[in-house]
Amino acid sequence: MKFVDEAAILVVAGDGGNGCVSFRREKYIPNGGPDGGDGGDGGDIYLLADENLNTLIDYRFVKSFRAERGQNGQSRDCTGKRGKDITIKVPVGTRVLDQGTGEIVGDMVRHGQRLMVAKGGFHGLGNSRFKSSVNRAPRQKTMGTEGETRELMLELLLLADVGMLGLPNAGKSTFIRAVSAAKPKVADYPFTTLIPSLGVVRMDYEQSFVIADIPGLIEGASDGAGLGIRFLKHLERCRVLLHLVDLAPIDESDPAENAKVIVNELQQYSENLAEKPRWLVFNKIDLIDPEEAEKRAKAIVETLGWEGKYYMISAANRDNVNALCWDVMSFLNSQPKAMAIAESVPEKVEFMWDDYHREQLAEVEAEAEDDWDDDWDEEDDDGVEIIYER
């Protein structure tokens with residue numbers, strides 16, 4: 001299945017149903033009073049995180065989602081039926097952004113997590129809501145409010161403990177094949193990896209971690225060169241980054257300058273990502289003499305001003321790979337997992353449209369008190385029906 005990590009969708013919640021103007025009329029009850037019911041609320045739209053999904057390709061073809069409208073109120077104080085909600089399933093790790101405001105609506109980081117992205121309209125009130133001691137035959141009603149409309153951008157971010165970055169042909173795919181059961185394509189030309197891939201590294205029966213491999217970066221990636229930096233977002237949730245450096249580039253370029261390119265592109269993309277724990281890993285030591293490998297490694301360390309520990313491995317021959325993985329496992333065990341973004345729990349307040357309806361009711365009562373007179377005739381059918389619109 002094709003990997004798609006971005007999709008734009010339109011969500012339109014259902015409108016609220018209108019209130020009803022009706023009067024009870026039965027045999028021997030010619031003037032039964034108002035019995036118009038309220039409308040139904042409009043349907044809401046939710047996102048649901050599903051661990052069985054791993055791509056957003058479905059939403060490249062179906063881009064619009066509209067919830068059902070609430071039914072109008074009916075006579076005999078019958079309330080209209082509520083509109084049906086819509087639930088949209090997305091992969092775990094999906095970030096939801098509002099394209100209109102640019103705000104992050106939510107992060108779907110847990111299986112079964114549910115997020116409301118569009119609220120349905122509130123129901124209109126029937127004329128039975130407006131009856132009072134001075135207005136016993138009201139012809140007022142309110143209309144249902146419109147449902148919320150939003151244009152959303154869905155971004156899928158891989159959930160991994162360890163992320164790898166480096167130039168094309170640095171050996172990232174070879175490394176992930178060596179330490180996990182993942183089988184990304186490996187070849188001797190740049191950009192063999194076109195989409196991110198995940199692998200599970202099992203150290204023993206109880207300990208394991210997830211590693212992510214993304215397409216390689218080149219100089220100018222932040223300006224759109226190569227595959228650009230669109231895949232760097234998949235490293236945002238990683239707890240540690242492995243910066244792989246090829247000690248024996250096939251184009252005979254300077255490994256120190258190559259390493260510097262990656263650091264610069266990382267800083268241009270995001271300061272937060274550049275500040276994540278990053279380990280320096282020198283790969284392909286099997287292609288050159290040990291002394292030459294050590295010499296090149298020290299030159300890179302000096303160029304970058306690197307003060308931490310560095311590793312020298314051969315992913316193809318699996319030299320020193322197991323020791324690196326155990327060090328990564330120990331580091332992850334010593335670092336607490338990043339707290340998942342807390343779901344915002346709204347304060348318990350009255351619904352936003354309650355104030356609107358309360359104002360309409362108060363307005364009608366005030367008008368009725370001003371216009372009240374003793375000559376009011378209940379059988380007068382010449383009254384005017386009044387509809388309040390928001």
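Cβ coordinates are placed from backbone N, Cα and C, and glycine is handled just like the others.
Swiss-Prot tags one of the stretches 67-93, 121-147, 364-390 as region 'Disordered', and that stretch is 364-390.
Ranking the binding-site residues Lys172, Lys284 by the number of CB atoms within 10 A of their own CB puts Lys172 at the top.
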